[in-house]
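Features as listed in TrEMBL:
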- 26-46: region 'Disordered' (REGION)
- 54-72: transmembrane segment (TRANSMEM)
- 123-142: transmembrane segment (TRANSMEM)
- 154-173: transmembrane segment (TRANSMEM)
- 185-205: transmembrane segment (TRANSMEM)
- 217-239: transmembrane segment (TRANSMEM)
- 245-265: transmembrane segment (TRANSMEM)
- 377-398: transmembrane segment (TRANSMEM)
- 410-431: transmembrane segment (TRANSMEM)
- 437-456: transmembrane segment (TRANSMEM)
- 468-487: transmembrane segment (TRANSMEM)
- 499-519: transmembrane segment (TRANSMEM)
Amino acid sequence: MVGHVFPPEDDHRLSGEDAPFLLEDLRSQPAPGDVPSDDSSSDTVLPEKGRRRLVITLVAIMLTFAIGGQMIPGPMVRIIEAIACDDYWRAHDPSRLPASGHVVEGLCKIEEVQEEVTTIKGYMDFLEGLLSVLCAIPYGLLADRYGRRRAIRLTIPGFFLNAIITNSVLWFSDIFPLRAIWLGSLSWTIGGGPAIAMALIWTMLADPTTDSNLAILFFRVGVIIDITSFLAGVLSAQLMTFNPWIPMMVGSGIVTIGLSCAFFLPETMNDCVKRKSTIHGNEPDSCMDGLIVDEESSYSSPKVLPKPSRHRLILGKIRRFLNHGIFIFDHRILLLLLASAVAQLAGGSSEFLAQYISTRFSWTLARANLLKSFHTAATIPVFLFLLPYLSTHVLHYLSLRGRDLYLARMSIVCLAVGSLGVGLAPHIFFLVPSLCLHAAGGGFSLVARSLATALVERDKTARLYSTIEILQLVGSVLGSLCFTNLFKLGLKLSGALVGLAWIMSSLLFVLVGIALMMLRV
């Protein structure tokens, strides 16, 4: 996933009981009725123009999510901080309250206010992640049964309900208690929330894309998202200096526009069916290995087949059910999935980066969010120049999988050392290079996703992505809970241990690095 592509591998095309013993014979002798097909045309149901339109629409939706992900959280934290600060001084020293507006931000950096802000934000993320995990499986099955397009449309009411609850609690803070914002998490029971939406978008991107183009597509999308996130973060930080409600409303509006694009998406599940039928002539014409589409439709021979016995039918269904998720028992996939989940858990400290900078170095949140945006921007040259250069010039002697594995290891080292530097930085001049080093490891998740994709059969890609999203959700849920309390503990300990959350994050990245050292591809 780093500027090179993965060629289709025949060993991944047939597996299990359907695989012939002599793969070389299979390669040299095409099956009857097979005709040579071009990789770029015959493997897809959608015409090139339709496929391009689909990719553009999906990327546009992802970009709106990226913009909202940068423009909404920072201003929301500042609004929560202002409300919590007013409540604190109203109870302890009403003379600090101005005649109109909120208490000046400089008075809000005290431990009591920051603990309340951390509790509200941390547990809100925890509850949202928990509900997303619980909804992931049923909505994932719904997407496989009725299609990706219908499933992603179901997420739209949940987004609107969440925005209404959250903004109402913050706007009418004199009526609603601040912790009522946690009720907004219940909205993700409708559609599954952002995590399910992103899993569906990644799946729809992969459905019509050939193996040889999948990695480079992930790379390009990652770069575009990073550039967009940086620009949105800078804009959000500038608008926050006027009023935090401005970037928050702009971000919400942009996400709404992106969600409306979901109504124009075509269904891509049948595209995967077509691709499978050109590769496996003897398998069901379905992405779900016959669990959805009637198996008899996959036989093209007109002759009558003997009726199988009842016990053979049952055994066949059991075998197909086990094959549905058997890829997860591959020790290489399992290590990658666990590594991704733990890395996501360790990344929970990043949710408090702006608040950490603001508290430790007495910066305004707007200024801290601006520095956080430049941290995001530092990943752009990593994607555009560093990773491709290492892959094509430095690691050219390795196999394609070997290159990605090596880059994943290098990325995790950067994340571990960078996190430790952020947690221990005594001054902003030491923090900035640590953030740059941390950003150098920003390609880990996409490299790991691409490597995992290369290790599974083509028809199991959607299941792999769903598994990755679920595990990352679990990591996010645990990360929100753990790092909320770690950050609060660091605030109590003060001094050098204010960055306790980042120090623990570094230790978790070390564990991921150990797992990657054990991996062999």
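Glycine is treated like the rest: Cβ placed from N, Cα and C.
Remember, TrEMBL labels are computer predictions, not curated facts.
Keep in mind the model is a prediction, meaning the values are calculated, not measured.
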With Cβ distances under 8 Å as the criterion, find the stretch in 217-239, 377-398, 468-487, 499-519 that has the most pairs with the transmembrane segment (123-142).
-> 468-487
Count the CB pairs under 8 A between the transmembrane segment (154-173) and each of 185-205, 217-239, 245-265, 410-431, 437-456, then give me the winner.
-> 185-205
Where among 217-239, 377-398, 437-456 do we find the most Cβ pairs under 8 Å to the transmembrane segment (410-431)?
-> 437-456
Would you kindly list the residues that approach the transmembrane segment (437-456) from elsewhere in its chain, counting only those six or more residues past its ends and only Cβ-Cβ distances under 8 Å?
-> 1-2, 6, 9, 12, 206, 214-215, 218-219, 222, 226, 327, 330, 332-333, 336-337, 339-340, 343-344, 375-376, 378-379, 382-383, 386-387, 400-401, 404-405, 407-408, 410-419, 421-422, 464-465, 468, 521
Which of 185-205, 245-265, 377-398 contacts the transmembrane segment (217-239) most, counting Cβ pairs under 8 Å | 377-398
One stretch in 54-72, 245-265, 377-398 has more Cβ pairs under 8 Å to the transmembrane segment (185-205) than the rest, namely 54-72
